[in-house]
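Per TrEMBL, the feature active site maps to His257, Asp308.
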Amino acid sequence: MSNTRGLEGVVATTSSVSSIIDDVLTYQGYQIDDLANYSSFEEVVYLLWNSKLPNKAELEEFSTNLIKNMTVPNEIFDYMKLYPIADVHPMAALRTAISQLGLYDHEANEVDADTAKRIALRLQAKIATIVTGFARIRNGKEPVEPKEGLSFAANFLYMLNGEEPKDTEIDAINKALVLHADHELNASTFTARVCVATLSDFYSGITSAIGALKGPLHGGANERVMAMLSEIGEVSNVDEYIQKMFDKKEKIMGFGHRVYKSGDPRAKHLRDMSYKLTNITGETKWYDISVAVEEKVTKEKGLPPNVDFYSASVYHSLGIDHDLFTPIFAVSRVSGWNAHILEQYADNRLIRPRAEYVGPNTQKYIPLNDRD
Ligand code: ACO
């Protein structure tokens, strides 16, 4: 059997959207640290789709267009009200709603470059409205319409909570969106590319990607990190709790990475935000427990935290329901999925690898009536 289980180390395509070289992450050649410190999410989305940072006029036009496209057809929310809501995870709701959204886009089946870019914009804009709309509907509230004049990050929080957010909250969500926007050929992005390489439509590609992101080995880890922190409860319990996980050979959510070996460059930004936000809320224990877990896992297993680890205490500090953590990841990552789908359409070839056959050798067929 070859040593390519999980396609580790396999280069499956070329891409100019983002790169991870020697543990440094760049979007279109721009370092993630600069983008996280100085960019709005809208700038990053523009960068990923246009291979250049926008000037002021371009950003203004792009941002206005994005917010204008946030409204979703009422049918999406009407249908959500029919979901068996108590049992529906928001990622499953999102997967269904994005697929349904395609039914209301009269250009959904077009794959030419201009139309594909318009669809990308609509998806980016509407995904925030869908995630927040579902979060409200399941609590018996009506969805909130997006507000022109607010940024994408501010609109997300506004549509979620029904009131205009504070600057610190907007900054935190904006930075989290920037940090999660793209990540080379991660599992969900690869899924999107495989799907649309059959020349299937944009909505199919994004629906497939949401399905892949949902899993706990990928985007679903952030929700599980918070479940772990809650179970630990106090800093004094960290050592015993994590040791038990080691002994049972259980994976510690939010640690390890297929590509990064010396650490995920996004984690430190989220760690800083976690410190800041937990000090604002006064619930510093979530940061303290996280740091104690990091110290033990790094020291004893040599595994550094990934993007999902500190994002958990960040979102918790913003008062966000824990099962919305992964949908927020999707709200950001759809920008990267869109960029990769545009890139795939622009120079498409069917993605069809081979499997090394390890089944039985040629067998003699025995008719049904003659089998034991
Ligand atoms: N906790 C404990 N041990 C771990 C962890 C972890 N989080 N991650 C890796 N290891 C160990 C494995 O048990 C394995 O040990 P072994 O060789 O003794 O059997 C070794 O490190 C290699 O692990 P793999 O699972 O083979 O590494 P892989 O590259 O396939 O997986 C992954 C990477 C999925 C991220 C893994 O580290 C993991 O499961 N982490 C926890 C889930 C998580 O945080 N996912 C989010 C990743 S970031 C993102 O997708 C946004």
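Glycine too: its Cβ is placed from the backbone N, Cα and C atoms.
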Those residues of the chain, 6+ apart, with a Cβ under 8 Å from that of His257 (active site): Asp264, Pro304, Asn306
Number of other Cβ atoms within 10 Å of the Cβ of Asp308 (active site) across all protein chains: 29
Assigned element (helix, strand, coil) containing His257 (active site), judged by DSSP: coil
